[in-house]
Each structure stands twice: as C-alpha cells, then as structure tokens.
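Asks: Sharing a structure, written as structure tokens. Questions coming.
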Amino acid sequence: MNHEAGELPPNAGKAATAWAKVRSRLRQEVGDVEYRTWLRQLTLSGLEGDVAHITLPTRFLRDWVRDHYGDRLRVLCQAEMGGVRRVELRVAAEAPELVQEAVAMPASPPGLAESLSPAPAAPAAAAEGGKNDWLVPLDPRFTFDSFVVGKPNEFAHACARRVSERPAQAGFNPLFLYGGVGLGKTHLMHSIAWSLREREAELQIAYMSAEKFMYRFINALRTQNIMEFKTQLRSVHVLMVDDLQFLIGKDNTQEEFFHTFNALIDAGKQIIISADKAPNDLSGIEDRLRTRLSGGIVADLHATTYELRLSILQAKAAHAGVEVPARVLELLARKIASNVRDLEGALNRIVAHARLFGRPITLESVPEVLSDILRAHDKRLSIDDIQRKVAEHYNIRLTEMASARRSRAVARPRQVAMYLAKQLTSRSLPEIGKRFGNRDHTTVLHAVNKITELMQEDPTFAEDVSLLRKMLEM
Ligand code: ADP
Ligand code: MG
C-alpha cells in the first residue's frame, strides 16, 4: 500500500516509538547542536514495504542530510525499525522555496546577472565559480505592489520602504525584520531587492538564507577558498540574510558572519536580516553580534488580524482574476489564522478545484475541498484555550470548568464553553465531556442544545456568545 506523506500505517504507534528511538540515538551520536541544525526537522511520513519514508522541509536540507547523515540514518532505522532496509528522503509538500527557485531565475529581469557580477576587486577565479551563487533568487511575486499593508505589518513595511529608497542610512542599518512563519519577512526582503534594483541596476545585492550562508562558508573552508568567499561577500552593496535563526550555535559560521557584517557596515553597505525572533530573544547568539544586530532598526511583523487576512485574500483573488464569493473569503480568513502561506495555499486549492471541475466556488464546497487544512487549523484552538477564555469572560475560576458545582453562576459558563468546544474544535462529545470533569457525552449534548436554544431566545446572550467566539477565533 502506498502511504502519502503525513500518513502512517495502522501500526503507527509502534513505528512512532521506533522512530523516536532512531531520533534520540541520532541525537546522541551527533550532539545537540548539530542535531538541532540539521536533523530536528526529520519526520517519518510513512512505511512502505521495507522502505522508511522520511521527509524534510526543504530540498537543501534533504540533500544535506542525505549526503552527511544518510548512512547513519539507514543503519539506525534498520536497527530500530523491524523490517526496514532502506530509507528514502523526500521534501515535504513542495516547500515554497523550491517553487521560488524554479520560477525565479528565468523571470529575473534581463541584465540582472551582469549587474551582479563580482566587483573588480574579486579575483578572477571567483568570477567563474562563484558568480551565480550570490545571485538573488528573487521571486517575481514578492514585490511591494503585492504586499498588503495592515496594522500588524505597517511598521515593518514602512521600514522596508524606507531602506529601499535610501539604503545604508544611519538609523536604518541594519534593518532587522522578525516575526513568525509566513508573515511576510521574505516577501519584504525580496520587495526591497526588486525596488533597489529598479532604481539602480548596478547595485550588487546578495540575498541568501542563513542556511545557505553557512553551507557556502563550510564549503569554502573545506575547499580552502575562504579568501575568495570573503572577498566576494564583501564586495556587495546590499547583503540580505534570511532566517538568521539557522545560524545559531554554529560558532565558526557566526564568527565569519560577524566579521562580514562589521566590514560591510563599516564600508557603508546596507544589511537586512530576518529571523523568527528579536535579536534579544535569539538564544545561542553571541552578545557582540546581538548588539550589532540591534544597532539599526528592529521591526516586527505581528500575527495577522482577521481584517488583514481578508484584505490579503481579496487582493490575491483579484490578482488571480477569479470570482470568489465574499463569504468564502471570510470563512478562510476566520478559519486559517496562523500564517499567510497557509491562507494562500487554501485559496489556491479552492481556485484550482473550481477550475478543474468547472464549477463555481461556493461556500458549501469549501469544507470538502479543504477538509484537511481546516482540520489542522482547528487543532490550534484547544479546549484549554476555550475554557480559559470563557472563565475569564464570566469571571469564574478556571477550575470550575471541571468542577461538580451546579449553581447557575458556574454551570452556564461551563455550558457555553462546552458549546464553543463543540463548535470550534473537531473533538467529539465524549472527548469534550472528559475535559469538563469527566462528564458524560449526553451532558455535553444537552449543553450544546441548551445554549443554541438560549441564543435563539435571547439576542443579548447570543451576542455575548458570538463575541466570545470571535475573540477565540482571532
Ligand atoms: P516568512 O518569510 O515570514 O515566513 P513569506 O514572506 O514567505 O513569510 O510569506 C509567506 C507567503 O505569504 C508568501 O507567499 C507571501 O507572498 C505571502 N504574504 C505574507 N504577508 C503578505 C502580505 N502582507 N501581503 C501579501 N502577501 C503576503
Ligand atoms: Mg521566509
């Protein structure tokens, strides 16, 4: 039988335990730092005959792990997972990076390659081997025009604009952008690069992930081309390093990065960094580097709001030239709250589905087309969250959610919480009952009916419950 990524065979429990063993042995063998850098993101996605399918989020990581740890991984899997003889490493659900790389090169404006050739100071050898390695794999979709600005990102956006208009100005150098996954860091960095390039085609811009920086650096060390590496890197006008958190714990690389950083800033070049956390919260970074990272402007991208998500969806639908009913966009904006990448993915899937089957997009078709995505996002809202919020709202203790007390003052909020747990999570009635002091599923059902009834009778109460619901869904 063929198992899709993310799906495990029926004896998944056993496989998961064996897999956990493989991981912990791997960790012991390579040490914490190396493990965290390269191996933490390995997931067992399925077993098929004697093959263990293991996925990684990017092609780069996949190749690296295969080249450096492939044999160890196989041996450990053979030892811990009965019946496994081979290991297949795959890239999880086409990471956006791949698409980016694939589309970016040919779509780059003409002249980009020439203008990025190494500075005259660079040795001739560098021109051969290294030239394209610094080439910005700019994604043509990531421009300021396509970036939707809202409260959560307006400051970061304004800083990015400012840097693109007047690079290397005091106070804005380095520009440090940070925020959670999929909130637009990479999009903003590429936008700056496009905009700079438009203004001044001669500008040399190096954009790379910290992972790539490290990889190039390690390679340079190994092939004894470190001088060339330094010269090349220091000849750019603008250096952008994306996802700096990947540099954490890599002492050599950090050291090199620190020196490059200083050299460029001192020479009046612009540096733009992104990371998942603020400089002060990045652990495993040396203090002197931390200080320098915070020396310009630090701007964060906050979690999206419902309004921003809706605007983004509207913009993307309009751009794609498809008619998507407002209620569908609202549903997506409400349900998929974590990051914009997932939001986009959902919209793309709906559009593709409609095109494929030649049917209009309707509210009814969404749950079916997106069942997996919606389910995954449901899980984010836990019964705990709901209980906490409801208890807070009605000013009762959290423990009352599971207590046996039946007085109206605590029983009603408890019913509201059960109702919301049913509406907002994918938990079954018995599961919900269990979390409310081991109550029976019929008690939960009764609560759901009772609240539904009350909401119909009493508009003020209905409004109160919808407000709670909205707050929970934000
Ligand atoms: P990050 O680098 O922070 O993880 P990305 O920049 O890769 O996130 O953004 C993920 C996806 O969401 C991209 O396709 C990007 O175009 C889109 N996106 C994020 N924020 C916005 C926004 N404000 N407007 C339009 N698209 C956005
Ligand atoms: Mg990114």
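Heads up, the Cβ atoms here are built off N, Cα and C, so glycines get one too.
Nobody curates TrEMBL annotations by hand; they come from automatic prediction.
Relevant sequence annotations retrieved from TrEMBL are reproduced here:
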- 1-103: region 'Domain I, interacts with DnaA modulators' (REGION)
- 171-301: domain 'AAA+ ATPase' (DOMAIN)
- Gly182, Gly184, Lys185, Thr186: ATP binding site (BINDING)
- 355-474: region 'Domain IV, binds dsDNA' (REGION)
- 382-451: domain 'Chromosomal replication initiator DnaA C-terminal' (DOMAIN)
Asks: Which three-state DSSP class does Thr186 (ATP binding site) fall into?
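Replies: In the DSSP reduction, Thr186 (ATP binding site) maps to helix.
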Asks: Since the record lists Gly182, Gly184, Lys185, Thr186 as binding-site residues, which of them has the fewest other Cβ atoms within 10 Å of its Cβ?
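Replies: Result for the binding-site residues Gly182, Gly184, Lys185, Thr186: minimum number of other Cβ atoms within 10 Å at Gly182.
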Asks: Which chain neighbours of the ATP site, leaving out Gly182, Gly184, Lys185, Thr186, have a Cβ atom within 8 Å of the mean position of the site's Cβ atoms?
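Replies: Here the nearby residues are Gly179, Val181, Leu183, His187, Leu188, Ser274, Leu301, Val340, Arg341.
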Asks: Across the whole of the domain 'Chromosomal replication initiator DnaA C-terminal' (382-451), what does the mean pLDDT come to? Round it, please.
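Replies: Average per-residue pLDDT within the domain 'Chromosomal replication initiator DnaA C-terminal' (382-451): 94.
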Asks: Please list the binding-site residues from Gly182, Gly184, Lys185, Thr186 whose Cβ falls under 6 Å of any atom in ligand 2.
Replies: Lys185, Thr186
